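Visitor: Pasting a structure below so you can have a look.
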Amino acid sequence: MKFKDLRDFVQQLEQRGELKRIQMPISPVLEMTEICDRTLRAKGPALLFENPVGFDIPVLGNLFGTPERVAMGMGAEAVTELREIGKLLAFLKEPEPPKGLKDAWSKLPIFRKVIAMAPKVVKDAPCQEIVIEGDDVDLGMLPVQTCWPGDVAPLITWGLTVTKGPNKERQNLGIYRQQVIGRNKIIMRWLSHRGGALDFRDWCVKHPGEPYPVAVALGADPATILGAVTPVPDSLSEYAFAGLLRGSRTELIKCRGSNLQVPASAEIVLEGVIHPGEMANEGPYGDHTGYYNEVDSFPVLTVERITHRIKPIYHSTYTGRPPDEPAILGVALNEVFVPILQKQFPEIVDFYLPPEGCSYRMAVVTIKKQYPGHAKRVMLGVWSFLRQFMYTKFVIVTDDDINARDWNDVIWAITTRMDPKRDTVMIDNTPIDYLDFASPVSGLGSKMGLDATNKWPGETTREWGRAIVKDEATTRRVDEIWTQLGID
């Protein structure tokens, strides 16, 4: 099922019983977080708070609170279908040379489809139905959540940030949290390796001292939102990928105050500039780790213009100790990652990011082991192949007889197939999420790889244990007489 905009998605979710309207007045300060957290843990519906206390704009929460709704947002009917999206991305990331003329013709429709999904620029758009500029700009009109008791200020969480580097042809989309610090000021918390930060750095080098244009789209259609958090190949724009998911070209409109292009159907758009050198301390905020992060300095965006649809919807979320929405997104996107990794490492059978590991900090990989040291090659590959895993602290590699998604299996493999000294890989001074306060230096720490595979000659000189396997005939016999035994 495809959705033309956020409102279409909301309508379809409501028809399926996947969205609940809350008419009782609810405060964006703490109350919405508590309600959304309880609902998410119960695998409940998306929530539309129609009467947020003190505001006229409704708040949409828990939108991607189940893997099934994430799959729906990506145009899939089931989570299992996300593997096919991963296969497409794997192909586009590293297309294989055709094996012959017939193979070349068979692949041609894929490239035609990608080319056909180039975004379409329109002259008029719903996101600019209402325009607020200059002294009339007031971020206080938005029902921005204060999620946790220790949060320093309201926090914009689902803003789709649009930037463009001076040396790049296409725009970058990224989702960075934004602290509101004034009627027209927000802090842009982008980490140094993220696309927006890199674009801004390049701008400062090429245009020193000049203001840098930025736009933030709130309430885009689900395909565009999810396209921004998916490992899209550098050769494919997030807008084009969203078109592939949606089955129709992404409509964009030029911002009123810059050449940046934003989703035409977005509910709300913030337009502004970052003045080089204008920084502010961000935080503390409760984060996906389950802790409050330390205070750090980031650029300030001066909002010069707010445009929005008539009767807009404000899309919001919270982050906290898993499960939260980022963890649920991780569970769904896990299925997209698997084919991409398998294209590079065909020996990988499964790849799993346990949600309790804060979405990406731990990975479990099962492989068809082929030679001594194979597990170490795979763990090094996980850390280096995709940017999404540069912050993964722990990689556990097991044989394919282990279920990567069953901790009973994984712990059994670790405790029976590992020698802590021989089978542990430690790497110092690697990139680490600055929110990881356990690292000795902000943004820099170590990684651990655990080789929980059966050891081959060359890895051990001892006779290796053989796993106990039940006798099939006995199992069938007991199956036949089980009900007669009266044990259950």
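Placement of Cβ uses the backbone N, Cα and C atoms for every residue, glycine included.
Below are the features I grabbed from Swiss-Prot:
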- Asp287: active site, proton donor (ACT_SITE)
- Asn172, Glu238: Mn(2+) binding site (BINDING)
- Ile175, Tyr176, Arg177, Arg189, Trp190, Leu191, Arg194, Gly195: prenylated FMN binding site (BINDING)
Visitor: Between Arg194 (prenylated FMN binding site) and Glu238 (Mn(2+) binding site), how many Å separate their Cα atoms?
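Guide: That comes out at 14 Å between the alpha carbons.
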Visitor: Show, in sequence order, which residues other than Ile175, Tyr176, Arg177, Arg189, Trp190, Leu191, Arg194, Gly195 on the same chain lie with their Cβ within 8 Å of the centre of the Cβ atoms of the prenylated FMN site.
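Guide: My list of surrounding residues reads Thr161, Gly174, Met188, Gly196, Ala197.
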Visitor: Could you state the whole-number distance in Å separating the C-alpha atoms of Ile175 (prenylated FMN binding site) and Glu238 (Mn(2+) binding site)?
Guide: 12
Visitor: Just checking a number: largest C-alpha distance across Ile175, Tyr176, Arg177, Arg189, Trp190, Leu191, Arg194, Gly195 for the prenylated FMN site, rounded to a whole Å.
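Guide: Site span for prenylated FMN, by Cα atoms: 14 Å.
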Visitor: Under 8 Å between C-beta atoms and at least six apart in sequence, can you list the same-chain neighbours of Trp190 (prenylated FMN binding site), or say none if there are none?
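Guide: Within the chain, Trp190 (prenylated FMN binding site) has Cβ neighbours under 8 Å at Thr161, Gly174, Tyr176, Gly196, Ala197, Phe200, Phe298, Pro299.
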Visitor: What recorded positions in the list Arg189, Leu191, Asp287 lie within 10 angstroms of Asn172 (Mn(2+) binding site), counting C-alpha atoms?
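Guide: Cα filter at 10 Å returns nothing.
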Visitor: Where does Glu238 (Mn(2+) binding site) sit in DSSP terms: helix, strand, or coil?
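Guide: The residue in question, Glu238 (Mn(2+) binding site), is helix (DSSP, three-state).
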Visitor: Reported as an integer number of Å, what is the Cα distance between Arg177 (prenylated FMN binding site) and Glu238 (Mn(2+) binding site)?
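Guide: That comes out at 19 Å between the alpha carbons.
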Visitor: Excluding near sequence neighbours, so keeping only residues 6 or more apart in the same chain, what lies with its CB under 8 A of Glu238 (Mn(2+) binding site)?
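Guide: Expected: Asn172, Leu173, Thr224, Gly227, Ala228, Thr230, Val232.
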Visitor: If I take the alpha carbons of Asp287 (active site, proton donor) and Arg189 (prenylated FMN binding site), what is the distance between them in whole Å?
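Guide: Computed Cα spacing between Asp287 (active site, proton donor) and Arg189 (prenylated FMN binding site) is 13 Å.
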Visitor: Can you tell me whether DSSP puts Gly195 (prenylated FMN binding site) in helix, strand or coil?
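Guide: Looking at the DSSP assignment, Gly195 (prenylated FMN binding site) belongs to a helix.
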Visitor: Could you tell me which three-state DSSP class Trp190 (prenylated FMN binding site) falls into?
Guide: coil
Visitor: Which residues of the same chain, at least 6 positions away in sequence, have a Cβ lying under 8 Å from the Cβ of Gly195 (prenylated FMN binding site)?
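Guide: Once residues fewer than 6 apart are set aside, Gly195 (prenylated FMN binding site) is near Thr163, Asn172, Leu173, Gly174.
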Visitor: Once near-sequence residues are set aside, which residues in the chain of Leu191 (prenylated FMN binding site), 6 or more away, have Cβ atoms under 8 Å from its Cβ?
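Guide: Sequence-distant Cβ neighbours: Ala197, Asp433, Tyr434, Gly443.
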Visitor: Name, in the order they occur in the sequence, the residues of the same chain whose CB lies under 8 A from the CB of Arg189 (prenylated FMN binding site) and which sit 6 or more residues away.
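Guide: In sequence order, the residues whose Cβ lies under 8 Å from that of Arg189 (prenylated FMN binding site) (at least 6 apart) are Tyr176, Arg177, Gln178, Gln179, Glu282, Phe298.
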